[in-house]
Amino acid sequence: MKTISSKVVKKFITKPPSSLSSTASLTSIASFNVSNNAFPSSLLDDFTKFCYQRDLPRAMQALELMHTHCIRADCITYSELIKCCLARRAIQHGKRIHVHLFSNGHVPKTFLINILINMYVKFGLLNEAQDVFDKMPDRNVVSWTTMISAYSAAKLNDKALEFLVLMLREGVRPNMFTYSSVLRACDGLFNLRQLHCCIIKIGLDSDVFVRSALIDVYSRWGELENALRVFDEMATGDLVVWSSIIAGFAQNSDGDEALRLFKRMKRAGFLAQQTTLTSVLRACTGLALLELGRQVHVHVLKYDQDLILNNALLDMYCKCGSLEDANAVFVRMVEKDVISWSTMIAGLAQNGYSKEALKLFESMKVLGIKPNYVTIVGVLFACSHAGLVEEGLYYFHSMKELFGIDPGREHYGCMIDLLGRAGRLSEAVDLINEMECEPDAVTWRALLNACRVHRNVDVAIHAAKQILRLDPHDAGTYVLLSNIYANTQRWNDVAEVRRAMTNRGIKKEPGCSWIEVSKQIHAFILGDRSHPQISEINIQLNQLIYKLMGVGYVPDTNFVLQDLEGEQMQDSLRYHSEKLAIVFGLMSLPRGQTIRIRKNLRICGDCHLFTKLLAKMEQRIIVIRDPVRYHHFQDGLCSCGDFW
């Protein structure tokens, strides 16, 4: 019987014969009698070297030799090999390592089994991970936390919470990573409060990761007061916790508080990182604070070419109505993903640049970037606002075939808006009836808006009733329905709408407009005289209205025909919040600077006409962002084409 030398084995492992398969090679080597004491040592050395060099093919060949001759390496070396499998997504190799580790009745150390469980979790094989976990002779906090984290990440919340209970029953004490994972599996405030009590009881409430998770989950459930309370209990500052609380308020559309906290963070001496800046940009986007957004952009420059931040910048500039800035960011981006393209397409369309949006979509397709659900929403929105009915119908009916995307509510909403704008209301109604998903209030509002423009009373009443069935507290629809009835002299129906509002405690939301001047936000509300310059603003407004009447402006009282708060018609129109904000902008901003207004309610027809004429008379660009769309007024025209 021949004896194989370590030199021969090393040569074989380093450079296997090309003519032999891996299995054949191992079989021929196994036929030798291994008597040389140097063989195991040399094989282990080579195996270790290949694992640390991340040479997966050779490491696996060495592993097969070791398996054949019942040779085992140390836990750290195996952990390196498993890391290599994870990096290469080599699932089958990972399973082969699993077989080797448990061969011949051998049970690896808990440390290595935990790494194996983590491998299966990272591969998304939770059943395999669970199977390994169930067979463990000893489970420590890492074993339990890995499984809890896996089930939490997979949104299997009940399973994650169940494992926490089982962990406690086995006498294993959860640590900060366990609780930060299981907190995100809370599917209600009851569970969240129970866990919060447990965390306080064992003294982990001061841990950065746990506190951050608590803030995240309270914010997710809209419990911003509790989130802020957890934050304020912080003994010492930490950037992770600052980022969590700022993100919580930004995600819940409380941009004012998010920005206030950001300023506190800066005063406390913390440098903003990517996650924090993304949240701050979201806050600027929600409040349409362009100048503040530009200041945040300065901080973003430190993370040049960060894709997530650049996408957030794109979104902010588009939603603040500054397409020039958005385009500058987009052109400069070295890396662009589908989110970048979709954001720019939607931004162009929302700001009235529909043809440019469609051209950008064609460029995206030429570059081979596959559109997603949101991209097609932007394309259909662009078709709608450019009156491109046939193009819109083509993209809508072929989106499944061309891009593999099933039409959703947003796509149907765009098509109903498109058909409605074109006056094809019967087709819009037919499309609603054909929807596979149940039409929501937004879908019916698209139809109602078209009916308002084309004065189709019967369909408008039907659409309004459907909205109120789905959203009984939508004050705007009540007001519009009341006005539709009043326009057709149906006074009994007007009275019925009023009674319904009174019985449900619904009041018309007061109009509010915001303008940013000298890094300060100025808010204007109809009837509110708290602004320090309100008297001067009113005087200037009256003078402007007098001048505009000389060039054909006549207040359109149809928009307050049946105002349910009983305001006087022309006086109500005269002091609408956007008019006050615009006049303040004229008084405060340099002549060449664009006036940018954000409004909480849809701009009324009278204010729309007023702003068009004023922009021409004053030779100013005025941008108003309302909940529906963006209006760019210049030279007596609006980017919306008088349809909004």
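Placement of Cβ uses the backbone N, Cα and C atoms for every residue, glycine included.
Residues 110, 113-114, 117-118, 121, 126, 129-130, 133, 181-182, 184-187, 191, 202 of the same chain lie 6 or more positions beyond the ends of the repeat 'PPR' (140-174) yet place their CB under 8 Å from a CB of it. Annotation comment: TrEMBL describes 140-174 (among others) as repeat 'PPR'.
For the repeat 'PPR' (238-272), the predicted model reports an average pLDDT of 88. Sequence annotations record features per position, and here TrEMBL assigns repeat 'PPR' to 238-272 (among others).
Residues annotated as repeat 'PPR' in TrEMBL: 306-336 (among others). Counting same-chain residues at least six beyond the ends of the repeat 'PPR' (306-336), those with a Cβ under 8 angstroms from any Cβ of the stretch are 274, 277-278, 281-282, 284-285, 288-290, 293-294, 296-297, 300, 343-344, 346-348, 350-351, 353, 369, 596, 623, 625, 630, 632.
Residues or ranges marked as repeat 'PPR' in TrEMBL: 337-371 (among others).
If you look up TrEMBL, you'll see 552-644 marked as domain 'DYW'. When DSSP labels each residue, the domain 'DYW' (552-644) comes out as 36 helix, 16 strand, 41 coil, counted as helix, strand and coil in that order.
Taking DSSP states H, G and I as helix and E and B as strand, the repeat 'PPR' (337-371) has 26 helix, 0 strand, 9 coil.
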